Amino acid sequence: MAMKQAIRPLLRLNALQTASSSSNVSARRTLSTFSHRPSSPQLQLSRALIKPSFPRSTFQQSFRRSYADVSAPKPKRRIRTTLRWLWRFTYLGVIGFLGYTGYTIYLLRTPSEQEEADPSKKTLVILGMCPSIGTAEYLLTKIGTGWGAVSLLKKLDTENYNVIVISPRNFFLFTPLLPSCTTGTIEHRSIMEPVRNILRHKKATVKYYEAEATKIDYQKKVVYINDDSEIKGDISSTEVPFDMLVVGVGAENATFGIPGVREHSCFLKEVGDAQQIRKRIMDCVETASFKDQSPEERKRLLHMVVVGGGPTGVEFAGELQDFFEQDLKKWVPEIVDSFHVTLVEALPNVLPMFSKQLIDYTEKSFKEESITIRTKTMVKNVTDKTIEAEFTRPDGTKEKEILPYGLLVWATGNALRPVVKDLMSQIPAQKDSRRGLAVNEYLVVNGTENIWAVGDCAIANYAPTAQVASQEGAFLARLFNSLAKTETINAELANLSTEQAKATGEERTQALNNIKALQRQLRRVKQIGPFEYSHQGSLAYIGHDKAVADISWLSGNIASGGTVTYWFWKSAYVNMCFSTRNRMLVLVDWVKSYIFGRDVSRE
């Protein structure tokens, strides 16, 4: 027995040395596998004798762990490798994004060289709230910097024409977000795109005159313009000749002949209107907080009335109530019990272009937000402190009432501008038109051959919305590009026909093949059809981080309202902004107002 105990350590060491000197394949096997290999009879006898009492040492257990599963992959190492590659891809993605953004900003801030005007081309003049263009490629004159005019400019191949843009404002305004400017949610410059930025990125030179079109003589093909700026030069009135004219001057605010509206109300069409409303809101708040102000006068000053139940009026009412709930209530707590918003609409309901489901949802949300809706109510007279209105009861009877107010915002109705009225008076075919320039399916003004009209100043059987005007402008760009290509191809065909008549043999055959190819190209170019409006849907913000959307989808509509729709509304409007600069500024303004709140100073 003593001898067995003496040789036990030697046998154990011998087994370990044999395992370590074997091949790589056998080294991966476990000790239990190793113990079954053929060995000498003495070794087998000794193992049989010592196996029942063989203790597992710490070294042996460590050996088993080291060699038992050496060929299996390690999960931790696999995860670490995955994370390492994920980090590399993320890093490269960020670098690529920053590089792309930097290059885009460089292109926006660095206009390229432009082609000079070609006197042989026609002059296209664009009138209205947009720039105007100068003489000969076609002299295309464009009046306006509104939706229709800017959409036309954006897609027009300016190298085909001498383009002139005439407008009293030298910027494009993204009007859907204008209600947000009235309360400071968005700064007004964030939704303005300078016309010069747009024009300098065109391939050919485009001229711009900051002026107002006072008269259009369609027979002489001349536009008379006037510089109404505060600083004037030696010449402040002149005329611009045109071969083709696009009128996109928009419309004025309609007061429907109601006394006092123009004198005492604020409109909401331009940047100046939003700034005036902003000042008026804070003026009412500070005046209501004045020492010894009576409760009745305080309620009058803090009664904000919005006339017009369309998207503009509804969105402004929602923004104004948000301004009160999120900011004014905290910084001016003494006005909490007196502040009130009322929306007045002559029709039976607000947002008439939306579905009944969304109309009901909007009215319910306004009720929850303490916004009063007064439908079937017509304004009859406005003074500096009161509104005289006429309310129609459910039984058809009418009742007059007096509404005291501090702020009145007029957000309804369009009226013709004087320059449009004057043009209509010159064209016999326009004598029966009352709401604007009547146009055909190609947006040509009836009674003319070289004048087109887009936007609110034109009657095209569609609602006067920015969406319609934008599509009309894009259509005219395609039409004018097609006309220019047609003239170019016709000129080439005339030259080839002359060459074919003089050519012989293979040259004659080659000229004939070129003529056939140009004729096929000409047929494709001429395939542009009449204007067809494609309704994409309607969006409106209704306050308290909610919005409604009536979106066209396939053959039907999708009606949606709530907080999710509000985020869709935000993403849609950011995407619709004219430039990357506008998008970034709007996003920054939203984040800034969310973190720090809106400014409650007067200016």
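Heads up, the Cβ atoms here are built off N, Cα and C, so glycines get one too.
Note that the structure is a prediction, hence the values are computed from the model and not measured.
Note on TrEMBL: of 25-52, 109-136, 361-388, 501-528, the range annotated with the feature coiled coil is 501-528.
Residues 197, 201, 579-581 of the same chain lie 6 or more positions beyond the ends of the transmembrane segment (85-108) yet place their CB under 8 Å from a CB of it. Residues of the domain 'External alternative NADH-ubiquinone oxidoreductase-like C-terminal' (535-599) grouped by DSSP class, helix first, strand second and coil last, total 31 helix, 22 strand, 12 coil.
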